[in-house]
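A.B. asks: Under the heading domain 'CheB-type methylesterase', TrEMBL lists A:4-183. What TrEMBL records for A:Ser16, A:His43, A:Asp136 is active site.
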Amino acid sequence: MSWPGRRIDAIAIGASFGGVEALKHVLPALPAGLPVAVFVVLHLPRERESLLGEIFAPLCALRVREVMDKDAVVPGSIYFAPPSYHLLIDRGPQLALSMDDPVEFSRPSVTVLFESVAAVYAEHALGLILTGAGGDGAEGLAAIQREGGLAVVQQPASARMPNMPASALQRISADYVLTLDEIMTLFQSLPTQAQP
Amino acid sequence: MESAQDLELELLVEAIYHSYHYDFRSYARASLRRRLQVAMQRFGCTSLSQLQGRVLHESEIFGELLEYLTVQVSDMFRDPSYFLALREKVVPLLRTYPSLKIWIAGCSTGEEAYSMAILLREEGLLDRSLIYATDINPNALRRAEAGIYDVAKVPDFTSNHRRSGGRSSLSDYYSAAYDRIILDKSLRKHIVFSDHSLATDSVFAEMQLVSCRNVLIYFDRALQSRALDLFYEALCRRGFLGIGLRESLRFSSHADAFAEFVREDRIYQKTGGL
Ligand SMILES: C[S@@+](CC[C@H](N)C(=O)[O-])C[C@H]1O[C@@H](n2cnc3c(N)ncnc32)[C@H](O)[C@@H]1O
């Protein structure tokens with residue numbers, strides 16, 4: 001698994017059922033000093049979502065930061081969409097929250113995050129769909145690819161719940177379809193210095 | 001350089017401002033763009049320019065577009081810990097005023113204003129209180145005045161109320177009919193619902209407490225600062241300001257003049273000034 005040699009400034013990840021386990025593999029694989037901002041939407045029962053920071057901070061080399069509306073995005077950070085809000089990235093880049101209607105029955109919605117990431121980061125974005133039920137994220141991943149970013153999907157057969165990756169693959173032909181181990185290798189190989 | 005889509009969005013909000021005097025020019029772009037895209041589909045337009053043409057020439061569609069531009073979601077006692085903090089930490093100080101004015105800015109369909117009224121009733125303060133509840137969406141204001149909600153929301157409302165430290169039963173404050181509940185008219189008497197925009201209007205009374213929750217997230221930093229300036233001006237000395245749990249005061253030019261009062265629940269107290 002080798003890196004495609006383009007600068008990535010943002011990684012956007014969507015997951016639902018089985019997502020905590022999958023993220024415990026892929027997020028710690030991101031190396032310290034990586035100048036990339038990581039945004040995660042994970043569908044979870046409301047009570048559990050707020051604990052994500054506590055679960056992941058000790059496992060990750062990158063810093064898990066609390067999402068506050070209009071905060072400037074800090075490279076080298078991981079941001080989890082807060083419970084019951086959509087997380088969007090606005091020009092700046094800065095974090096933006098909304099309480100708009102659920103999309104694909106979800107708030108936060110992967111598609112909402114991904115579309116905003118596509119608009120701001122264009123070819124410097126990487127979108128990743130992991131295990132999950134439902135079809136949230138497929139449209140968003142298509143937007144990332146349309147704006148020139150990389151579309152990565154967990155191989156459905158290897159996912160705890162194949163529906164979400166499978167519906168992404170129905171919508172687009174992804175740049176990479178990978179197992180969790182391969183995603184980890186890909187992440188470990190990301191250049192830790194911004195390339196010229 | 002701005003893309004054609006960015007430019008179309010700027011022109012559309014300008015057009016709306018000039019023809020309808022609703023000012024969305026300083027709304028946070030990413031979520032505004034998304035809402036406009038949904039509206040574009042609804043109106044069968046393939047671009048924002050096309051939508052702009054329709055809005056300018058068919059004034060009857062503006063009302064419906066406004067429903068897409070503003071977001072109406074609310075709950076009674078949303079974030080119970082916020083109301084618990086008001087009850088335990090702010091109310092004791094509010095008691096020291098002979099009369100109270102409270103501003104719910106961006107009240108949507110009224111749930112927050114009625115929650116405040118119930119809290120004040122439980123604390124024995126409602127009789128000396130007047131709650132101003134304002135919004136820019138006329139439909140939401142009409143629904144707020146009616147005080148009628150879907151009975152399906154009652155379990156959530158009830159559990160929120162209990163967790164907010166409610167001393168009475170929420171069912172004391174509404175009567176149920178079919179699939180609706182209607183809130184007690186005696187609460188309504190202490191609330192004035194009215195049209196007011198944080199983007200274009202000014203302060204209208206002196207307040208002891210301003211609650212503006214989940215409205216600032218729709219604004220860019222400049223408009224957040226304008227709104228916070230209004231709250232600063234409206235508040236009496238040592239008055240209180242409560243905002244949404246994911247919002248902050250950093251973009252207020254008066255940020256220094258607000259001290260954290262209950263940090264976790266985003267309740268501030270005005271310190272400086274006269
Ligand atoms: C998500 S609702 C918040 C409702 C309530 N405060 C709560 O937290 O449950 C946002 C409200 O802000 C209103 N709003 C949007 N722009 C506004 C403005 N410029 N001035 C006043 N209200 C505004 C919308 O119409 C909507 O009712």
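Heads up, the Cβ atoms here are built off N, Cα and C, so glycines get one too.
Keep in mind the model is a prediction, meaning the values are calculated, not measured.
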A.B. asks: How would DSSP class A:Asp136 (active site) in three states?
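C.D. replies: In three-state terms, A:Asp136 (active site) counts as coil.
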A.B. asks: For A:Ser16 (active site), what residues in its own chain, 6 or more apart in sequence, show a Cβ-Cβ distance under 8 Å?
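C.D. replies: Looking at Cβ-Cβ distances below 8 Å from A:Ser16 (active site), excluding near sequence neighbours, one finds A:Leu42, A:His43, A:Leu44, A:Ser106, A:Thr131, A:Gly132, A:Ala133, A:Gly134, A:Asp136, A:Met161, A:Met164.
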A.B. asks: To which of the active-site residues A:His43, A:Asp136 does the lowest count of other Cβ atoms within 10 Å belong?
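C.D. replies: Looking at the active-site residues A:His43, A:Asp136, the Cβ with the fewest others within 10 Å is that of A:His43.
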